[in-house]
Amino acid sequence: MKLFLLLSAFGFCWAQYAPQTQSGRTSIVHLFEWRWVDIALECERYLGPKGFGGVQVSPPNENIVVTNPSRPWWERYQPVSYKLCTRSGNENEFRDMVTRCNNVGVRIYVDAVINHMCGSGAAAGTGTTCGSYCNPGNREFPAVPYSAWDFNDGKCKTASGGIESYNDPYQVRDCQLVGLLDLALEKDYVRSMIADYLNKLIDIGVAGFRIDASKHMWPGDIKAVLDKLHNLNTNWFPAGSRPFIFQEVIDLGGEAIQSSEYFGNGRVTEFKYGAKLGTVVRKWSGEKMSYLKNWGEGWGFMPSDRALVFVDNHDNQRGHGAGGASILTFWDARLYKVAVGFMLAHPYGFTRVMSSYRWARNFVNGQDVNDWIGPPNNNGVIKEVTINADTTCGNDWVCEHRWRQIRNMVWFRNVVDGQPFANWWANGSNQVAFGRGNRGFIVFNNDDWQLSSTLQTGLPGGTYCDVISGDKVGNSCTGIKVYVSSDGTAQFSISNSAEDPFIAIHAESKL
């Protein structure tokens, strides 16, 4: 009995690190600013069949309507209530999406904005996405309800009331982040309001949460909220399942607050990952892909089982957040596919793929002055995600997750799940290769000259279809064929001018 109690306690403590994806599904995709009706369709027609594990959705709760500038993406990070009512859709549409996605094995992860409410400068009676009244100047949010008692104004010690130094952890947690009204999460009432919101989402069927701005909350306050959360809905999850938690903590080193302070609550976003990988793939600062042999903890990252990793996210793809100019995005499509391919092949961390929309960038003194622009819309109404005949998306939705190279690497990761990093090869420069046990092998040529080498793949002999240049269709291949000898070796040739300078084969791409 003692052993059983120990094990059940252990299971409970560690459950928040488990992504709660359906068995065999290993990645999630952030469908940034998509409507719930479009996400439901995408789960059924694409994400389910293509092996995606889940979707990170934009904040589903009511936010302030920002008109200057006109309907920026960041208005959704300015809550006014916990009603499920935004530009992405209403509560019924949200419920329908969660049900339909779960029914095809695709989980929903909610971006939970719980550190703050909207900015203090908004006028009383200002527009909101569901019509709820608020008076931010007086700290009145009757739709929750919150009042002046529920904010940290008295706790913050800076003259401005805002964060003035990131070297002071008290300021970072107790003062206002860019003027956003900072909730007093040490109050049980505030914790209960937030937990009620998250529990409603859990009961609807979501699988977990991205905790926005976690760095700006005390880890113990987050834990107190998480301790109030229900188990996941048994319609789709085993009894006793706990929500997957990943906390947004930007920690590139050199600040008072470290990611490790948050490990007790769940996983943490590893922002060093995309920043460093971008530097390597761009060949900046003398970096080379040959240096990636000990990628992961060997590069000073957090432990793999605590990390949520990504090449770019909605913030840093537009110069916000962390990582700076090295971050690769869909605007740098060729190198971006290399970086995402590397991420999805490598065992480190739990992987998230980005799915973006295009906007009219306008750089002034190196800064995109249009970084605020919201999703494709007609007079503020988010446009439908249309699907073109070639399976790409229309209406300025980028849909990186539908790019063959990325979609097929999501499947590759599923196939090699649990297999060790193996058969590393490097030319000392930017040609590298590695395998995952006997289930998969990938080769990159990021040099300015041809790659031509015979490499040990670790795979059984036979003919394989490269899933980067094409697809296995029936028993034929629309891309490059790779011939693996009985000893596991294969000859690879990759031109430095290839559209995609990498090749990937796996157990399920064998012809």
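Cβ from N, Cα, C; glycine included.
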Among Asn167, Asn265, Asn313, Asn395, find me the residue Swiss-Prot lists at the same chloride site as Arg210, Arg352. Asn313
Given Swiss-Prot annotates Arg173, Asp182, His216 as Ca(2+)-binding, which of Asn103, Asn115, Asn135, Asn138 belongs to that site as well? Asn115
From the Cα of His216 (Ca(2+) binding site) across to the Cα of Cys43 (disulfide bond), what is the distance in angstrom? 33
Starting from the Cα of Asp212 (active site, nucleophile), work out which of the recorded positions (Asn115, Cys130, Cys156, Asn313) are within 10 Å. Asn115
When the Cα of Arg210 (chloride binding site) is compared with the Cα of each of the recorded positions Cys156, Arg173, Cys175, Asn427, Cys465, which one is closest? Arg173
Quick one: Cα separation, Asp315 (site 'Transition state stabilizer') versus His216 (Ca(2+) binding site), in Å? 16
Cβ-centroid neighbourhood (8 Å) of the Ca(2+) site, Asn115, Arg173, Asp182, His216 excluded: His116, Asn152, Val172, Asp174, Cys175, Leu177, Leu183, Leu185, Ala213, Lys215, Met217
Shortest C-alpha distance to Asn313 (chloride binding site) - which of the recorded positions Cys101, Cys130, Arg173, Glu248, Asn427: Glu248
For Arg173 (Ca(2+) binding site), which residues of its chain lie six or more apart in sequence with Cβ-Cβ distance below 8 Å? His216, Met217, Trp218
Around the recorded chloride site, report the further residues of that chain (criterion: Cβ within 8 Å of the mean position of the Cβ atoms of Arg210, Asn313, Arg352; site residues excluded), sequence-ordered. Ile28, His30, Gln56, Phe246, Glu248, Thr269, Leu308, Phe310, His314, Met354
